[in-house]
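Undergrad: Pasting in a structure now, in structure tokens, and then I'll have a few things to ask.
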Amino acid sequence: MSDSGQSPGQGSRMLNVPSQSFPAPSSQQRVASGGRSKVPLKQGRSLMDWIRLSKSGKDLTGLKGRLIDVTEEELKKHNKKEDCWICIRGFVYNVSSYMEFHPGGEDELMRAAGSDGTDLFDQVHRWVNYESMLKECLVGRMAVKPAIPKGLLPKSQMTDISTKEGPISPSYDWFQTDSLVTIVIYTKQKDIHLDSIIIDHQNDSFRAETIIKDYSYLIHIGLSHEVQEDFSVRVVENVGKIEIVLKKTENISWKCLGRPLEKHNSLIPKKDTGLYYRKCQLISKEDVTHDTKLFCLMLPPSTHLQVPIGQHVYLKLTITGTEIVKPYTPVFDSLLSEFKEPVLPNNKYIYFLIKIYTAGLFTPELDHLQIGDFVPVSNPEGNFKLSKLQEVEDLFLLAAGTGFTPMVKILKYALINVPSLRKVKLMFFNKTEDDIIWRSQLEKLAFEDKRFDVEYVLSAPTSEWKGKQGHISPALLSEFLNRSSEKSKVLLCICGPTPFTEQGIKLLHDLNFSKDEIHNFTA
């Protein structure tokens, strides 16, 4: 595409900052060369002093920790130095306490008092991480205006959902330096993490899908110039801003980001999006049991994909001319690896524990793949939310066979990241001892962390087996599901063959566990 092409995404502002004006001439990065002057600050009003104040626990918003929706009428009322609210990119901040700390002086802040200061901010502060600086001053977000009737805007600017049904429509922006192009997505949501964004760049096609609650926001652009394979992604979680930094192949100024491709700048229900695949390379496979293997696949260098805990992806193979897909839940390469925050490591590998069914169609074909072969892997799917683990005290896991795989990351995450957790118990159903996946690792983990306990139940044990045997039953469950206290907060996760989960859920209801306390990964 030539540089004279139209900018994509009429619904978003496409900001092009040529290298010669980045940072902006008036920004603090240029004050030494004749830009605007800083205002002398009083003693005790340095940036470090502001950071100390913002971390002190003092209520800087006047709302005692509440977040509110702010109407334009309400915003206009707060336009004085002692009561100053400013809107930046849809979020409203009470900057009254920050007045004396602002290097540009109170008068500059007052220019945006009681109004939307986004454009003013962009002129002089674009490089400043205001989300972090003003984190404790966040009042809330601007209230949504009533939806404009269709027909008043071009179709490309209309979202596919009404404002009441889904999240506020996200937007995006872009700017550039000599060597970099930065795409910024404003999700206008707080629960956005690195696993909320999936990026694929192939040839000149750039695709970024952001999962916002149960919706998918897609940026899909044919870039106007070439970029290098590797890129970086950063998420400012407290305001839901995503920054994607691409490296230019040539240090030239872009006149536009590129041309819009299919479904560009759209927000649609996740359930209405098709599965998108990228080809991943088989790096290794190793035996775990007599019929289960650990597969390691490597993502393409131009892909960012982190599968959220409790979710699965689809692997796709073409068998005798027909595309076959099967769902698999990624695991860690080991239960005993030392994981530091975040639990989702930002790497390029995905691991799967897969049972090979010799009489099956899909898994033998998968097992016949050679190291270096490619397997298409889909975007993540699933309805498990990490919020289910918040404040959980007792976590019970019921797994049969490879139904163990969703439990791997949940188990590890809970032990590391849920402060309220008192105990995790896994009841692991298999046919024989030889079928137990990662038995030695499970037992070592139980030895190292006294909150964790594992029980095995075998349906076809040898005569030497001294443990529990049989199938899922009221007797087994009533003994297993003993709470740490009478009113402890509980979550029960179950996964395995459909007869196992159906019977298990019925028994759990019979034992008076509520629907909200049970998550079925097989459903």
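Each Cβ is built from the backbone N, Cα and C atoms, and glycine gets one as well.
Pulled the feature table from TrEMBL, pasting it below:
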COMPBIAS  1-10  compositional bias 'Polar residues'
COMPBIAS  18-29  compositional bias 'Low complexity'
DOMAIN    67-143  domain 'Cytochrome b5 heme-binding'
DOMAIN    167-258  domain 'CS'
DOMAIN    275-387  domain 'FAD-binding FR-type'
REGION    1-40  region 'Disordered'
Undergrad: Mean pLDDT over the domain 'FAD-binding FR-type' (275-387): what is the value?
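TA: It averages 89.
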Undergrad: Within the domain 'Cytochrome b5 heme-binding' (67-143), how many residues are helix, strand or coil going by DSSP?
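TA: The breakdown for the domain 'Cytochrome b5 heme-binding' (67-143) reads 29 helix, 22 strand, 26 coil.
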Undergrad: Using DSSP, tally how many residues of the domain 'CS' (167-258) sit in helix, strand and coil.
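TA: Going by DSSP assignments, the domain 'CS' (167-258) contains 3 helix, 55 strand, 34 coil.
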